[in-house]
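Asker: Input: one structure, supplied below.
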Amino acid sequence: MTGSCPIMITEIVIVRHPVSVCVPVNHKVTLRVRAEGKGILSYQWFSEDEKEVPGGTQSDLTIRASKTQRYVCRVNDHFHNYVFSEWVKVKVLDIDKSGLPVDWQGEPHIAINPKPETVQLGTKLSLRCAAFGIPTPHYQWYRNGQPLLDKTSDILQIDGATAEDGGSYLCSISNILEERWTEPVDINVVQPEQPPLTATDKVALLIGNLNYNSHPGLMAPVMDVHELGNLLQQLGFRVVSLLDLTRQEMMAAIDKFIQLLDRGVYGLFYYAGHGYEHAGRNYLVAVDAPQPYQTKNCVCVQRVMSQMQERQTAMSVILLDTCRKWYNQGCIPSVIKALRPNGNTVYGYATCEDAEAYEVQDGGKSTGIFTKYLNKHILQEAKVTHVLERVSEDVGKDPLVTGKQAVEIKHTMKEPRSLKDKVRTAGHTRELHLRDVCWRQANELPRKKQLTFPCGVKVEVSFSALFSNVLVAFATIKATPDQTQDCTVTLSSNPPTEDIFSRPGRSEDMDSLLLNETLNPDCTLRLCSLQKLKESVVLKVDLHYTHKDSNVRHTESRQVDIGKPLVASCKLYRENHTRDKKTNGATAQTTGNISHSKSQQHQNLAAPHRHFTRKAECAAKTPTAWSNEPEENDENELLDFQPSE
């Protein structure tokens with residue numbers, strides 16, 4: 001009978017390899033290896049830098065895990081045979097372990113849950129979770145309950161997230177002891193945030209016509225233009241504000257304004273005064289328009305917008321506080337086709353078609369109803385059309401114009417642009433410099449002057465701009481010698497100009513709103529209609545004083561040449577022969593003064609809270625007086641018209 005023989009082990013066999021672990025800092029860890037071989041086996045543990053672990057000569061290695069480290073064990077016999085175990089990692093997480101049970105046996109313990117995120121389309125999505133475990137836990141990510149292939153680490157990363165990557169995510173964390181689940185989180189994938197919209201510059205032209213030669217005068221454009229100009233400056237606009245322009249001056253000012261526009265610029269044109277609508281076009285009545293007048297005596301608004309579009313502005317805004325009454329009530333209004341679909345154009349009308357716009361005159365402060373609420377909302381950080389909608393709502397609630405005036409807004413806005421958008425000059429330095437030079441030409445003030453009179457009295461002459469064509473000169477006595485007393489100073493100019501604010505009906509309250517009272521000058525002089533100046537202005541400063549010794553009244557004079565201040569340097573009085581040639585030689589007549597006649601309405605402005613129309617009346621038609629109705633002229637070169645159905 002043959003007996004069974006024991007199997008002879010001739011080589012070393014590792015029957016149990018050590019396992020990787022994930023533990024907190026300074027946690028005690030024991031790595032174990034089990035092997036079989038001939039004779040007595042020896043062990044030596046090594047770290048990943050191939051250094052022997054001190055004391056690591058047993059099958060079990062116990063360490064205090066202070067940092068993440070890899071380990072391996074070499075097993076050898078006395079016959080010079082040896083074998084290595086598998087490498088294992090002791091991963092150390094330096095994170096909060098306060099929730100780890102005292103008697104923790106190695107089951108997965110989640111220390112970090114993933115967090116919900118909102119990521120932009122096309123960007124990287126990264127989620128992280130972490131758990132302690134002996135052995136090291138296995139990770140499997142899920143989206144909307146479905147496992148994600150190859151997403152089996154503690155960090156889930158997706159490059160270039162798409163809309164399909166959005167959803168609810170969680171992770172299964174398990175080892176041989178147990179399985180745990182993280183908390184579910186929502187991931188939203190959204191469109192990339194658009195960079196904030198900016199302008200390369202912001203330019204505004206404001207025109208207010210009030211003193212008409214042949215039509216009812218107005219009060220409100222003074223304060224409307226003044227206050228709106230100040231608000232636009234707060235919004236970062238370069239503002240040119242002008243009062244009482246003839247048609248020739250209006251066209252010249254608009255030409256200068258158009259030159260300041262360029263690609264990326266925000267352009268804003270505002271007009272307050274008389275106006276009307278005819279055949280779908282809006283016309284602004286110049287102060288020198290005769291009675292009756294034709295379109296050649298006025299300015300076509302659609303022409304202005306067309307010119308603004310040609311400059312490829314980022315946004316073109318036209319705000320009109322004027323009437324839109326039709327001349328021929330039986331005429332079917334035309335529909336205007338835009339020159340080209342550039343977009344980002346806005347018309348803000350004070351009133352709707354075939355209706356009047358009103359101003360409130362209470363003797364102290366006058367304002368157009370539309371501009372009153374425009375100034376209330378214009379500083380808001382909102383899309384320009386939303387600002388105008390709020391203006392429209394307020395006008396609709398005003399009891400003075402209920403059923404008479406309703407704001408109308410027309411626009412082709414394709415971007416949410418706001419008047420409050422910031423100016424970004426990077427990459428546009430040269431264009432900005434050119435615009436700056438042109439703009440400063442219309443806004444340059446004379447320098448402050450220090451005058452010393454023969455008697456020793458010192459007078460300071462300083463300047464401020466109420467509008468781009470209205471300059472205020474201030475004279476202030478700064479020093480008086482002992483021998484002088486009762487000093488007064490007066491100012492006059494050559495050539496003389498008419499002060500439109502000192503006319504009948506202009507109250508002291510309005511003057512106080514227009515003056516900088518902090519200057520406390522001894523004398524002021526307003527120089528109006530500077531656009532008409534063809535020569536330099538010379539100020540005459542007359543000093544009147546009494547000599548103490550002789551008790552005789554004396555007068556001494558000094559002259560100051562201030563050149564052509566503000567808009568005077570732009571020479572708006574020059575005729576544009578190219579433009580006038582198109583209108584069959586018809587040119588606007590220039591008036592020497594701002595106004596030669598005052599209507600009865602203009603004379604009686606002190607009545608409290610009266611509201612007046614801004615409609616420019618045309619003489620009643622007779623069977624043979626067809627010329628009284630505005631006629632079409634050169635606008636056909638720019639715009640196509642179709643009768644509405």
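Glycine too: its Cβ is placed from the backbone N, Cα and C atoms.
Computed from a predicted structure; not experimentally measured.
Grabbed the feature section from TrEMBL, which reads as follows:
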| type | residues | note |
| --- | --- | --- |
| DOMAIN | 108-188 | domain 'Ig-like' |
| DOMAIN | 200-277 | domain 'Caspase family p20' |
| COMPBIAS | 574-583 | compositional bias 'Basic and acidic residues' |
| REGION | 574-645 | region 'Disordered' |
| COMPBIAS | 584-604 | compositional bias 'Polar residues' |
| COMPBIAS | 629-638 | compositional bias 'Acidic residues' |
Asker: I'm checking region-level scores; what's the whole-number mean pLDDT for the domain 'Ig-like' (108-188)?
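Answerer: Taking every residue of the domain 'Ig-like' (108-188) together, the mean pLDDT is 95.
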Asker: So, by DSSP, how many helix, strand and coil residues make up the domain 'Ig-like' (108-188)?
Answerer: 3 helix, 43 strand, 35 coil
Asker: By DSSP, how many residues in the domain 'Caspase family p20' (200-277) are helix, how many strand, and how many coil?
Answerer: 28 helix, 25 strand, 25 coil
